[in-house]
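So that you can see what the record holds, here are the features copied from TrEMBL:
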type	residues	note
DOMAIN	1-107	domain 'PX'
DOMAIN	114-205	domain 'Ras-associating'
REGION	387-471	region 'Disordered'
Amino acid sequence: MHFSIPDTEEVKEGSTSYTIYNIYVNGVFHCKARYKQMRLFHDELKKEFGALALPEFPKKKLLALSAVEIEQRRVMLERYIQLVSQDPQMGNSSVFNTFLLTAQQESQIEEAERVSLDTFLMNGHKITISLMSTDQTEDVLEAVAQQIEIPDDFVHYFGLFLVRKEEDGDNSIVRRLQEFESPFLSLKAASKAGVHRIVLRKGYWDASYDDDLLDNKVTMNLLYVQANSDLDRQWVLATREQLAHLGNLRKKGSKREFLRLARTLKYYGYMQFKPCVTDYPQAGTRVIVASGQRELNFRVQVDGLIKEGSFKITRMRCWRITTVYPNADENSPKSSSQESQLELSFEYLMSRDHLQWISIISDQAMLMSMCLQNMVDELIMKKQGKRFKKPQDRLNVKNGGPFKQLSREHSYGVEPPSQTRHYSSDRQPEDQSAINRAMDSVKKLSGKGGQKPDQSIMENDAFEGIGDDDL
């Protein structure tokens, strides 16, 4: 998730005044917070994780702040929440989720009340549920699943996504909704900046998980609906003969056979992003990026020809999100009023001894980053033989049961992403030698040795497990 604080507000109450910082998630307003609220949030994180684990927090000042000092504090608070959110333990903690959920409720002056919420499938079919306005994302997902009778084993194969209707009539995915927010409130806030809706989509990337869903009528139909939508949007590519065959299967109502054929098509199961710009193979190259099947796929136009390349997640050492100011003087200070763009950069192992940074400038850069992280989480989950969580697992968490450790788990229900793993001397992982070789190579290539890694960079656990055969 990309958190930003692009602006502030001055609020007057009688003879006193204070500054409000507006917090956005992936460019959509989420909540307002005062400095003292964020200071309390920082103190709670410090109690749980220790002061050394936290980024720098702006110091409290006794006198009123000038406009310049307010801007400096805004920049520091924005940096702080970005770094905290990128830490897998802190970003998935109850402290983090509670702060953002509470701030969201207070910002919209929302008392918990019974409301109706419309959730849509990819074909526009509407599912209306009754819920409390402050219910969190997974509560809403499970309520939707219960209404359309998704079996408990398969509920968390799916996710809720915030989708925006563009001016050209197309729909673009803004982000996957997280546990730190109320979907009802997030939709309410997003709708002030255009037409948005909440959509139910499958939440995994490995198409082999489809096999688990094909024997259930409800889940198979959800796959069928999404496959048709992706074909219509040309996210999935097919020849005329394949399209004709799919059309015949659609007329016959042969959904299982339709899906089996669809799974053989190019880009099945990928998420495609809006056209953007990359510096590979050269600066200013127009590109269509798609994520899926453990890779980022590039389609670029070079010398009038469309060329394709793929970047495997197991060869990305790390990635980061930065804000760039294309029209600004390098030596001038940046302010919230300047036009900015998001840039996703990843360090890629091009060959055995060569790491290269590749950048993408896109307003969907944070969504791409989330997709990368989810693919990594899923790959690790599969390698470790773990499963998607079930609604009863969350119930055990809430009741303090034997699944208490799940309270910090990522959206896939596995251990937090990018977390350092510790192994006892008598129990080494099977691929430990491959991990050691890869990490030694990384230290030599990056020149960082034992230095503390840049906190703004998302390290990739899947990279640690690559062996010589993968290169």
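Every residue, even glycine, has its Cβ placed from backbone N, Cα and C.
In the domain 'Ras-associating' (114-205), the DSSP tally of helix, strand and coil residues is 28 helix, 35 strand, 29 coil.
Secondary structure by DSSP for the domain 'PX' (1-107): 55 helix, 28 strand, 24 coil.
The average pLDDT for the domain 'PX' (1-107) in the predicted structure is 89.
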